[in-house]
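For reference, the structure discussed in these notes is given below.
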Amino acid sequence: MKILAIDTSCDETSVAVTGGLNILSNVIWSQASLHAKFGGVYPSLAKRAHEERIGWVINKAMTNAKCQMKNINAIAVTIGPGLAIALEVGIKKAKELSAKYNIPLITVNHLEGHLLSPFAQPKNSKKQNIQNSKKIINSTLSKVTFPSFGLVVSGGNTQLILVKEIGKYKILAETQDDALGEALDKGARMLGLGYPGGAILEHMAEKGGAKVYQLPIPMSGKEKEHYFSYSGLKTAMYRLIQEQTAKNPIRKPSASNGAGELTKQQIYDLAASYQNVAFEHITRVTSSIISHYPSTISYLLVGGGVAANSELRKRIRKMCRKFNIIPLFPYSKKLCTDNAAMIGVAAYFKTQRKEFSEVITKLERIPRYKI
Amino acid sequence: MLIINKRNALEHAVKVLKQGGLVIAPTETLYGALVDATNPIAVRKLTRYKNRPLGKPYSIAVTNQDMAKKYVKSNSTAISLYKTFLPGPVTIISQGKHKVAPGIESENGTLGIRIPDYKLIIAIINKLGKPVTATSANASYQKRPYKISDILENISEKQKGLIDLIIDVGKLPRREPSTVIDTTLDDPVILRQGEIKLKDKNEVVSRSPDDTKNIAKELWQKYETFSGKRAIIFALVGEMGTGKTVFTKGLARARGIKDKVISPTYDIEEEYDNGLLFHIDAWRFEKSSELKYFNFAKKISDKSIVVIEWADRVSDVIQKYNEEAVIIWVNISYGKNETDRIINWGVL
């Protein structure tokens, strides 16, 4: 089963070819790589860039997978959640290809893509034939038992999910305000580290002390309310930065933003302290919920951009040891950030359930699509 | 291709660079590929060597902040970053002044600046009197080069032929590539489209997030009479963490919306209950005109209710609708105590 998968949910134009759960190609033309390595991403550009580049990215994904349209069995496309004007571009292209080559279409929820991304398998080595690849699929799947837990941590979403079985989900906790990735980006921004800052914050935090500054752990003592919240932490960080800036007598306070006039070590320590508390909150709430469930649940699937953060992975592993749960992360960090390969993986499971989209002409984007 | 060690490296390198040549030299992070960043022919040569996709920009290395000023417009965020982190392995992106060869700046005219903490490179730039490209010496998608063989083993003969000089100082310590920081979102043009001065100064102090929600509800009740007659825009202004989303939650509740209201920073726009309320976040906008991609004019003519966070970033576009729409400017700022917020509002 070969699937051509398209994701234009937000900033990245991505197209992948998957064979079962194997990633044959996964091309991401990111605005970021265009603009600079971690450059800013803006809506007008986002739409224009998707339109200009989607054709090129599809060709590249097909070439990398050494594949032609006649070998493709289904086309998968993200229909939400995401930035409406960006989603449109991918959907339009998917419809076009589906009609032109008479290939069935599968619609995919972007969050389900993140959630199932740990199931993705690398491309087979040359020796393996299709039969072998089936074995790989079975071994991964047979390992994981359901129900299991799932955690999606990205720029736009933070959700703890009960995976009753693949395709049947229940949200156990989600954010009340900001997503984890967004909170990290904004923390970096307050430290004067530009945007998007999550990745930069991680670098800076490696050099700092996580316990140097005291920041309140969100929802501390209220973990049983079972939701995530980052707005209070943002406020506390803002105040802490003001306080620390004021303590640097030689350095004048900066006019345009609160930060900037901090010393290098202060920035490292503030980054580490902020990241520490942001992660502590995630694991505390997750632990509280997991402890309410029978100990027969033994897997936690983790996906989304922040799942690429090594410190977060460390803490999730530590938490999981306590509950005797095995955490599963995507095999590559490229599968954490927005990408189409994970959409192909989610679509593969849908083909197993025969969930094809029937009325293609009526297919529309769903910007607030729920998992 | 000439391979030399550190002795006389400076003279050789500068001579080659002046002639538009390509030099591979050690830096504080890894082996870098240097060309004169102001020489279009040299830059084209570098792009051929790197086998780099078109449109992918290069950073440049300069000796100090004064030299950087010739090539970029640095805002205050950039200036404090220079002070804190440079020289060092950090690349700072600002708006470029278009004084480098084509292909160096990004499509949007931004340019990354490095000030290396490495004597040889600084000496080369000083002597050349021009910035050099700051890019790794490997071809695109190949391994990071910490020794010369890392480079030569992974390129074609054709690519080798493009190298004019290699300065080989042996194996470099394994360091991460530089951290890239984009400061252009903090550009003053974006931050302040126009100062908002409110005529009637209504001011209240909110003591808690719940208070803020109630104030939003009261404001809604005050302007509800316009609903269905004119579009109503709540233009929210306030620092990070002051509670713009909390305010919106209050408005949504007053509108009877049950759906959860969260920060729209990533998806930029959220629509609740089939158009009962639109929630837009301008934080990631580059230009205020980008509001039009969200059918803003149609929302006005449809007499919609719209909340815009970071409205100061798009104030010029919002103000064009002063006649057609009721625009309520709401400014939220931090108060004395942790949870205190000062909220002023008014109609222009």
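The first residue you see is number 1, and the count goes up from there.
For all residues, glycine too, the Cβ spot is worked out from N, Cα and C.
All TrEMBL annotations are machine predictions without curation.
Quantities reported herein were computed from a predicted structural model and do not represent experimental measurements.
Positions annotated as domain 'Gcp-like' by TrEMBL: A:22-122 (among others). Model confidence over the domain 'Gcp-like' (A:22-122) is summarised by a mean pLDDT of 84.
If you look up TrEMBL, you'll see A:HIS110, A:HIS114, A:ASP338 marked as Fe cation binding site. Long-range Cβ contacts of A:ASP338 (Fe cation binding site) within its own chain (separation 6+, distance under 8 Å): A:ASP7, A:SER9, A:CYS10, A:ASP11, A:GLU12, A:SER14, A:ILE28, A:HIS110, A:SER154, A:GLY305. A:ASP338 (Fe cation binding site) falls within neither a helix nor a strand when secondary structure is assigned with DSSP, and so counts as coil.
The domain 'Gcp-like' annotation in TrEMBL covers A:143-344 (among others).
A C-beta separation below 8 Å, combined with a sequence spacing of at least six in one chain, links A:GLY156 (substrate binding site) to A:CYS10, A:PRO81, A:GLY82, A:ALA179, A:GLY181, A:GLU182. Feature annotation from TrEMBL assigns substrate binding site to A:VAL152, A:VAL153, A:SER154, A:GLY155, A:GLY156, A:ASP185, A:GLY198, A:GLU202, A:ASN309.
With helix defined as DSSP H, G or I and strand as E or B, the domain 'Gcp-like' (A:22-122) counts 58 helix, 22 strand, 21 coil. The secondary structure of A:VAL152 (substrate binding site), as reduced to three states from DSSP, is extended strand. Nearest neighbour of A:HIS114 (Fe cation binding site) by Cα distance, taken over the binding-site residues A:VAL152, A:GLY198, A:ASN309: A:VAL152. Excluding A:HIS110, A:HIS114, A:ASP338, which define the Fe cation site, the same chain contributes A:ASP7, A:SER9, A:THR78, A:GLY82, A:LEU111, A:GLY113, A:SER154, A:GLY303, A:GLY304, A:ASN339, A:MET342, A:ILE343 within 8 Å (Cβ to the Cβ centroid), listed in sequence order. A:GLY198 (substrate binding site) carries a helical DSSP state (H, G or I). The number of other Cβ atoms within 10 Å of the Cβ belonging to A:SER154 (substrate binding site), over all protein chains shown, comes to 25. Those binding-site residues from A:HIS110, A:HIS114, A:VAL152, A:GLY156, A:GLY198, A:ASN309 lying by chain B, with Cβ under 8 Å from one of its Cβ atoms, are A:GLY156. Cβ environment of A:VAL152 (substrate binding site): A:LEU111, A:HIS114, A:LEU115, A:THR158, A:GLN159, A:ILE161, A:GLY303, A:GLY304 lie under 8 Å away, each six or more residues apart in the same chain.
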